[in-house]
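Let me begin by presenting the structure, written as structure tokens, before commenting on it.
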Amino acid sequence: MAEKDLKSKPSAEIFDIERLPDAADANSQEHSLTFWKALRLYPKGVFWSLIMSTVIVMEGYDTKLMGTLFAQPAFQKNYGHHVKADKWQISAPWQAGLNNGAAIGQLFGMLIAGHLAEKYGFRKTMLVGQIAICGCIFIQLFSESLAVLEVGQILFGIPLGFFQATAVIYALELGPLCLRAYLTNYIHLCWAFGQLFAVGVLRGTLKRTDHWAYRIPFALQWLWPSILIPLIFFAPESPWWLVRAGRLEEAKKVVKRLTSPRNVDFDVDKNVALMVVTTEHELAIESGTSYATCFKGTNLRRTIIVMFIYVNQTLNGNPLRGFSTYFFEQAGLPVTSAFDMTVVGFGVAIAGGIFSWVLLPLANRRTIYLTGLVIMTVIMALIGGLGIPQAHTPKSAYSWAIGSLLVISSFLYYATVGPLTNTLCAELPSAMLRSKSIALARGAYIISTIVANVLTPYQLNPTAWNWGAKTGWFWMGGCAIALTFSYFCLPEPKDRTTAELDYIFETKVPARKFAKTPVDFTAAVCRLEK
């Protein structure tokens, strides 16, 4: 079959039966690879996946930076209004607006990136985002008013949306089946590292009283593009994207570049044949590759699942953790202790992210995910309960107990729900619609985040609703909603190739039966032809 045919004939006519035996062999090899064998086979693939995923450090940094600045005295004094004695506050509406500025920009950025990534590739899309973000940092750095800072946040969010829409798919498509969960989990570890870096920088500038107390943290954002732009320039394109574009010879060259030549049992042609057969099969059953296609046929179910998985990040109390420094301060801790607890919290979060790798071979994705939600529901209930005595008779013991519970919830989130969000949402869509499905799912997450970023400042701000730690009860309800949906609708994709998942979704297997459903690769791919 000519390479151009793969891209130009979106129908069952393009199915090439001659490639099927090679694809079946490659599919079997995917299942037979162990973790250590895969690392030896794909050392360069793992390296480039980790490099591309590191862009998410920037998102984690900015997300935590703004929420933490609301608790920094120099920032409060320069941008806030006087409330009492030597205390200043950024009003709840401006807190909501500044947090949502980047989120709004990300929403537009992801929708744009969904088109750009499929048309021009992940590498070029990522480079454009890195170059654009360098200019946006200037606006944040030299803003003299909240209005200008808001504009800077919105513009900064657009390239962040590029990173979100491309990093997780690139990580999934560069590695073999047994490494995909580890590579996509690493993305959330980058998020945690970015947030820890932001809090650490702000803790280091806490004693400064001039405008550099908050300008230094903004300026440090230039560090990442200066490192990543040269690296991404030399990064390979995703071989799956090259296959979808009909550039099969280039895809073979990339697979050779990603793998070790010492592994004589690995066949590049068969590996690419698996990508081709999977893509051909999806082209034959899809009605297109537009955003509208995500809501048609079996894709509707897949889209709803990945959208809800992303929204679950908001529902399980992530906004409260995002405002952790401000929350600790309102819960009664001194400013310095609030910053110290936040640093500890994200150090623990990184430990949780590493621990998630330990859990992956021990249990199914669904089991880990549901267990995390159950425990976080209990923790949020306890935080809310401690808020009652703390509100009536403030004691440091209550404040430290509340802070400790939130730190524990950070560990659990980064060990279970957080990293598996990227893994599940990259695995569950079809290969043809991954970019657009991720963009839609992240879009749903951002909309939920915007709502949460409006509510959370009002819940915590003493000049607004002043719920304090009782806010935990609100997020207990969110955890319960996430748990209910996940129990009934979340399928188990562990150890399933893309083609196998296509078949299971096409045959409408219930979510709780995914793990036990047997799939014959050849029969699954040929099913449409019969």
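Cβ coordinates come from backbone N, Cα and C, glycine included.
Unlike curated entries, TrEMBL annotations are predicted automatically.
Residues or ranges marked as domain 'Major facilitator superfamily (MFS) profile' in TrEMBL: 48-494. A mean pLDDT of 87 is what the model gives for the domain 'Major facilitator superfamily (MFS) profile' (48-494).
The annotation transmembrane segment is assigned in TrEMBL to 125-142 (among others).
The transmembrane segment annotation in TrEMBL covers 154-174 (among others).
Per TrEMBL, transmembrane segment is recorded for 186-206 (among others).
The annotation transmembrane segment is assigned in TrEMBL to 218-235 (among others).
The transmembrane segment annotation in TrEMBL covers 341-360 (among others).
Per TrEMBL, the feature transmembrane segment maps to 367-391 (among others). Note on the transmembrane segment (367-391): residues 312, 316-317, 331-332, 356, 359-360, 398-399, 401-402, 405-406, 408-409, 412-413, 415-417, 420, 424, 467-476, 478-480, 482-483, 486-487, 490 of its chain, located 6 or more positions outside it, place their CB under 8 angstroms from a CB of the stretch.
For the transmembrane segment (397-417), the residues of the chain that approach it from at least six positions outside its boundaries are 188-189, 192, 312-313, 316-318, 320-321, 324, 327-328, 331-333, 341, 344-346, 348-353, 355-356, 359, 368-369, 371-373, 375-376, 379-380, 382-383, 386-387, 389-390, 469, judged by C-beta separation under 8 angstroms. If you look up TrEMBL, you'll see 397-417 (among others) marked as transmembrane segment.
According to TrEMBL, the transmembrane segment annotation covers 438-460 (among others).
Per TrEMBL, transmembrane segment is recorded for 472-490 (among others).
Most Cβ pairs within less than 8 Å of the transmembrane segment (438-460), among stretches 154-174, 218-235, 341-360, 472-490, belong to 154-174.
Pairs of Cβ atoms less than 8 Å apart link the transmembrane segment (218-235) most often to 125-142, out of 125-142, 154-174, 341-360, 472-490. Relative to the transmembrane segment (125-142), the listed stretch 154-174 leads the set 154-174, 341-360, 472-490 in CB pairs under 8 A. Proximity of distant same-chain residues to the transmembrane segment (341-360), defined by a Cβ-Cβ separation under 8 Å and at least 6 residues beyond the stretch ends, is recorded for 64, 68, 181-182, 185, 188-189, 192-193, 195-196, 199-200, 203, 321, 324-325, 328, 333, 368, 403, 406-408, 410-416, 418-420. Here the transmembrane segment (472-490) has long-range neighbours at 304-305, 308-309, 311-312, 314-317, 319-320, 366, 369-370, 373-374, 376-377, 379-387, 424, 455, 459, 511-512, meaning same-chain residues at least 6 beyond its ends whose C-beta is under 8 angstroms from one of its own.
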